[in-house]
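Novice: Okay, here's the structure, questions in a sec.
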Amino acid sequence: MPRSIKVHPDYVDTIRVAVRRNGFPTQRLLAERAGYSLATVKKFLGGKPVDFATFTELCETLNVDWEAIADLGNSVSADASPTSGSPANKSLLHPSDNSLADPPTQQVAESVSPPLPAQTQKRAPQDWGAAVDVSIFYGREQTLEKLETWIVRDRTRLVALGGIGGIGKTTLTAKLSHRIADRFDYLIWRSLKNAPPVQETLKSLLNFFLQQPNITLSGNEIADTLDAQLQQLINCARAHRCLIVLDNVEPLFEEGDRAGTYRAGYEGYSDLFKTIGETDHNSCFIITSRELPKEITLQAGDLQPTRCFQLSGLTEASGQQLIKTIGKLTGTEQEWKRLIQAYSGNPLALKIIAAAVRDFFDGDIASFLALSQEDSLIFGDIRQLLVRQIDRLTPLEKDIMYWLAINREPVAWQRLRSDLVETVPLNKVLQAIDSLERRSLIEKDRSSITQQAVIMDYFTAELIHQIGYEISHQQLDFLRRYALVKASARDYIRQAQIRFILDPVVKQLRESYTSSQSITTALLTGLAKAKEQPRKDGYVGGNILTLLRHLNVDLTGYDFSNLAIWQAYLQGVNLHDVNFTGADLSHSIFNQPFGSIRTMSFSPDGKALATGDTNSEIWLWQTDFSPVSGEIKSHISTLQGHQNWVCSVAFSPDGKRLVSGSADRTIKLWDAQTGACLQTLAGHQNWVMSVAFSPDGERLVSGSADRTIKLWDAQTGACLQTLTGHDHGVWSVAFSPDGKRLVSGSADRTIKLWDVQTGKVVQILRGHEHGVWTVVFSSDGRSLASGSADQTVRVWDVATGECQQILTGHSNWVWVVAFSPDGRSLASGSADQTLRVWDIQSQQCLRVLSGHSNWVWSVAFSPDGQYLTSGSEDRTMRLWELRRGQCLQMLQGSSNWIWSVAFSPDGKTLASGQGNRMVQLWNMPSGETLKTLAGAQNAIWSVTFSPDGKLLASGNEDGNVYLWQLSKAQTENQDDPENGAHRRLQGHTKSIWSVAFDSKGKTIASGSADQSIKLWDVLTGDCLYTLTEHQHWVCSVAFHPQKKLLASGSYDRTLKLWDLELGKCIETWKGHTSGIWCIAFSPTGDFLASGSIDQTIRLWDSRDGSCQQVLTGHENWVMSVAISPDGQWIASGSADHTARLWATDSGELIHTLTGHTNSVWSVAFSPDGQYLASGSDDKTIKLWEVNAGVCVHTLKNKEPYEGMKITGVTGITDSEILTLEQLGAVNLR
C-alpha cells in the first residue's frame, strides 16, 4: 500500500469540480469539514502527494472513488503494481457504469467536467467543526485500539479523555474519530475553547440535526429551555447512532477553585454531562479536557457506560518520529531516550524543544543535554517550558503571540499586522511569523495563523496578570500595546474576549481593591498618566474606557480628550458630556440612530446595502464580502424625505437608483450615489408596503394596503396601470426574472400571478390559512416562495401553481423570505424572533439563527450566498455567517423609544418604560427627571404602579417581571446587577407585553408572547396560576376594578374573561378582524375598551360580552387605550402618529392630538383626569390638557451621546461624525 499518493494530472480539474458539486464553495470549508489543514487540502487539489490515509479520506468526503483518480506511478509504496501508473484502466463511476472509462481530455477540462466518481455507499453526514488536521500522526496504536473497543464493541455512552496541556488529546480524538466514523450515522465535532454558554452549544448540535432529512426534533424547532433542549438531544442520540465530540472542555471551569467547579453561568454543562452519561441512548459522546468534570468521574468505571482515560506521553519511538518532522536532530539512542523522557513524551513540548535544539544547538542533542544539566532547562511542566521559550522571543514575536491569544481564532497576517501599535515593515512581520512557526509555537497555513489551546491559555493568563499588575502600579506598557476586547472583532469572538480576558481582569482588580470606587480611582489615575505621555497612540484609552464600562461606572463628564480610544465597544452605553475632543476613535463602535429595520436590499454588485426603518429614513452602508470574510464596513449616507415608516427598498438593476415605499403612502426614487431624491410618486391611498424594479429597470411595481398594485414608468414617474382584485391589503409584490409576470401576496390569504402586459390575473394560488406577508421569485423564475401569518413558508411551482413544499418550524408570523443567489436555499424571518435557512431540495431547515430579541422584519443574502443580513424590531441589524450559523456583527440602533407610560396614584410621578432597558421616573407637573431604574436585561414593554404607589412593576422583553420598591429604587450599590430591583419574577419564556396590579395590590398579572398569562403573589413573588387558552401572544391584561375577574386581549383576535377564583376562562369575545393589542376597564368595570391592529376600538359590555360601539378613525394600528377616571373619555394611541380622545357615551371623536412624529405606543390619564400622557417611538412623552386637546409639555430623555464633545476627532468618517451628532454629540467645527 502506498504511503503517499496524489491525484492524476488528468483528473485535477475533475476533483476541483467535485469540491463545488459537493457543496464546498471554498477550499477552506472543505478543509474544516474533512478535518485537515488548508495547506494539505491545497496540496491534494493541486495534484501533489499527500499521506495515503489523507488521500482516501478526502476522496470519501467528495464522494469520489480514490482508485479512479489516483496517480500511483510515482507513489512511495511497498506493494505498488508496475502497471498502476495511470488511472486509464479505472472507471470514474461505480463499476456498474463504465461510460466514462477514458481519462477526460483537455477540451472537457475547459468546458464540461465529467460526472463525479461515485461511492458505493452514501457517506454519513459529518460536521467536523474545528477539528485538527491528523494527516501527520505517530504512535498511540494501543490507545486507539482500546478506545475503539470501548466505543465500538462495548458501546460506551460517554468517553472522557483527560491529560495535561499539549499531551495530544485533541489530535488523538480526531484520529480516533476518523477511524471509527463509518460506524456511526452522524458525526459532530465542537470545540469549547471559547466557552460558549451551554444553550449555545446545544443549539449548535441541534442545528446540525435539524438539517438532516431523517431526524425530526420535537416541535420541529429547537426548544427554548435547557431541559427541553437536553431532551431533544437525547432523543436524537437514541434514535440514531451519533458520534459527538466536545473538545477543550477545561475553559468551563473556574481557575484557582476546587477541581470541577464551573465558572458562574456555566453550571448547565453539569446537567449536560449528567444527562449524556446517565441516560440510555445509542450514541457516543467524547469529551477532552485537562480537568475532567466531576459528574463524569463519579459515573465512570471499567464496566460502566461512562469511562475515563488519562492520556500519557508518546513512546520513545513515536516521539522520535515526531521530532524528525521539526528538523534533523542527531544523537545516540540513549540521548534520544533522555530527551524524550525529560519532557514526558508531551508532543507539544517535544516540538517546541526540538525547534530549540535545531536552531540553537545545530541539531545536536548531546550539546543541548549538557547545557540542560548545567542550567536546569529540562522541565516536565509545559508552562515552565513555555516560560523558557518565550524568554528567547524577540519583542515583535511576543507581540504576535499576545495578539494571537487576544484574537482567539485563526487570523490573517494582514489583520495581525494591523493590530500592532508600532508600524512594522511587512518583511519583519513575515520573518517573525516564520520564526514562531519554526519554534513550533504557532500553527500556520497559507492564509491564517493561530495557537494551540495550551499556548493560547498561557499567553492569555500572562496578559491578564500583567494588565492587573500595571493598573495597580500605574504602568502603561501592556495597556498601550494590547486591546483587552476588540470592538471590531466578530461578535462571537468579542463575547469570548469578554469571558476570557475582560472578566478575569476585573475579577483580579476586585481581589486587589476594596471597592469599585477604588478601582475607578486607579483607572482614572492611569488615564491621567496616559495624557502626560508624549505618545498618544495605542490602546490605553480604549482599555480604560472598556474597563470603566464593564464596572458599570457612570461615565458622565469623563475626559478622554486628545487620547487614542482604539477598539472601544460603545454601543448600548450612555456617554453624556464625555469629552472626546481631539481623540482618535479608530475601530471604536458606537450606536447608530436608525430605528427598527423594516426592509433591506443589496446593490447588484454587493458593495452597498440599503435599509429602511421606522424613523422614516433610508440608510446606505458600505459592505465588503470576500471568500474568507464578510463585513458591514461603514455608514455611507442617510436618505431623508419620507414622513412615515419606510416599508420597502430596492435597487435598480444597474445599481444607480433606489426605490422606496412608505407608510406615508408615497414612493420615492433616489440617486444611489448622491442620495438625492429624484422623484416622488403619489397615488396610493394607504401604506405602500412593497416596491420593486422590473429586470430591465424601465418599470416599477408597488403594492399597497389600499388593496391595489400599481405599475409605474421608472423614468417619468407616470402611473401606467392600477391592478385591482385583492380583497385586503397587498403586502408584497415582485417581478419575475424575465419581467413578464408579477406576483402579489395579500392579507386576503391569496397569492396572485399577473400578466404584466395585460394586467390580468393569470393564476391565483391558495393554501395559506392567514395573510401572505411576503412573496419572492427564485432566480430562474420557476419557483416562488411565500411567508404567511399562518407561520409557514410555502414554495410554489410557477408553471402549474401547485404548492410544492410547506416548510414548518416558525412559531409565529413569517414576515419575510429570500432566495439565496443560487436558488438552493431560502431564508425566512419571523415574529418568533428567529431566522431560518432552508434547503429547497430536501425541505430541511439548515439553520435556526437566534439572537434578535423581537420580530425579524427583513433579511437579505450577500451576493456570494455565504452571509445573511437581518433587521429587527429590536433596533439591531445583524450579519450572519451561514456556514457556522454565527453572528459576526451586530449594529445597534437608537433605543430611547417610549413603549409604556403610567401615572402614580397620587399623580405626582409619571413612569415610562423604554427601549433602552430603563424605567424613567418624572416629576409631575414640572417634567423633571427624578430617577432612573436600571437592571432590566432588555427593553421594557409595560409599566404600572401598585394602588398604594409604593411599588412599580415592569414587563420586559427578556421575559421577566421586575418589581421596584420605589423608596429604594436608586440603590447606591452600582455593582448590584439588578440596581434597585426589589424582585424579579421569572417564569415566562418570551417577551412580556403587559402587566397589571389588582385593586388591592396583592396580585400581579402578566401577559406574554409565550401565549400565557401568569398571576403572581406580590409579597412572595410566587406564581399562583398560569392561564393558557390563548392561541397567540397575550398583548394586554386588565383586572376588573370590583370583581375577581381578569380580562386579556390577544393577537389571536379574541378577548377572554377569567374567573380568578376558579382559575379558568368563563367568556371569549370575538369581533376584531386582527390582533388585539390593548384593553382597559372602565372605572366601574361596566364596560371594556379594546384596540386592535384592525385600526378600530371596540367597547364591550362586560356583563354579557356584547359589542356596544366600534370607534373608527385611526389610519393605522391602535396600540393603546385608556379610560378617564370619571369614565367620560376614551383615549387611544396609534401607529398613525396620533392620540385621540373620544366621548364614551356617543363614541364621537372629540380631539385628534397631533405632534408626535412616530407611533404612539401608550396613553395614560392622570388620576384627576385633567391630563393625558402619550409615549411614542419618537422618543418623547407629551402631556395633553384633556378638555382643550392641546399639548402643554414635551418630555424627552437624553440621547445616549448627549453633550459628548467630538470636535477634532479622528479615526472615523464624516458620515460617522454626523451620526454621533444625531445622537446628541457636540462638534464645534
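Here the Cβ of each residue, glycine as well, is placed from N, Cα and C on the backbone.
No curator has checked TrEMBL annotations; they are predicted automatically.
So TrEMBL lists the following for this protein:
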COMPBIAS  77-89  compositional bias 'Polar residues'
REGION    77-125  region 'Disordered'
COMPBIAS  96-110  compositional bias 'Polar residues'
DOMAIN    140-249  domain 'NB-ARC'
REPEAT    590-622  repeat 'WD'
REPEAT    723-764  repeat 'WD'
REPEAT    765-806  repeat 'WD'
REPEAT    807-848  repeat 'WD'
REPEAT    849-890  repeat 'WD'
REPEAT    891-932  repeat 'WD'
DOMAIN    930-1067  domain 'CAF1B/HIR1 beta-propeller'
REPEAT    933-974  repeat 'WD'
REPEAT    985-1026  repeat 'WD'
REPEAT    1027-1068  repeat 'WD'
REPEAT    1069-1110  repeat 'WD'
REPEAT    1111-1152  repeat 'WD'
REPEAT    1153-1194  repeat 'WD'
Novice: What residues elsewhere in the chain lie close to the repeat 'WD' (723-764), defined as a C-beta under 8 angstroms and at least 6 residues from its ends?
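Specialist: Apart from its flanks, the repeat 'WD' (723-764) reaches 686-687, 689-696, 699, 701-711, 770-777, 779-781, 784, 786, 788, 796, 798, 801.
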Novice: Determine which residues of the chain contact the repeat 'WD' (849-890) at the Cβ level, with the cut-off under 8 Å and only residues 6 or more beyond its ends counted.
Specialist: 25, 29, 203-204, 207, 222, 490-492, 571, 594-602, 605-606, 609, 611, 613, 623, 625, 627, 630-632, 812-813, 815-822, 825, 827-831, 833-837, 915, 938-939, 957-958, 991
Novice: Is it the case that the repeat 'WD' (590-622) and the repeat 'WD' (1111-1152) touch, counting contact as three or more CB pairs under 8 Å in which the residues of each pair are 6 or more positions apart?
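Specialist: Answer no: the repeat 'WD' (590-622) and the repeat 'WD' (1111-1152) share fewer than 3 Cβ pairs below 8 Å.
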Novice: With the repeat 'WD' (1153-1194) as the reference, find which of 765-806, 807-848, 891-932, 1027-1068 contributes the most Cβ pairs under 8 Å.
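Specialist: Highest pair count goes to 891-932.
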Novice: What parts of the chain pack near the repeat 'WD' (1027-1068), using Cβ distances under 8 Å and only residues at least 6 beyond its ends?
Specialist: 812, 993-999, 1003, 1005-1009, 1011-1015, 1074-1081, 1083-1085, 1088, 1090, 1092-1093, 1100, 1102, 1105
Novice: Excluding the flanking five residues on each side, which residues at least 6 beyond the ends of the repeat 'WD' (807-848) place their CB within less than 8 Å of a CB in that stretch?
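Specialist: Contacts with the repeat 'WD' (807-848): 203, 207, 210-213, 220-222, 770, 773-780, 783, 785-789, 791-795, 854-861, 863-865, 868, 870, 872, 880, 882, 885, 990, 1009, 1032-1033.
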Novice: Can you work out which residues elsewhere in the same chain, 6+ from the ends of the repeat 'WD' (1069-1110), have a Cβ less than 8 Å from its Cβ atoms?
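Specialist: That would be 1032-1033, 1035-1043, 1045, 1047-1057, 1116-1123, 1125-1127, 1130, 1132, 1134, 1142, 1144, 1147.
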Novice: Give the mean pLDDT for the repeat 'WD' (1111-1152) on the 0 to 100 scale.
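Specialist: The answer is 96, the mean pLDDT of the model over that range.
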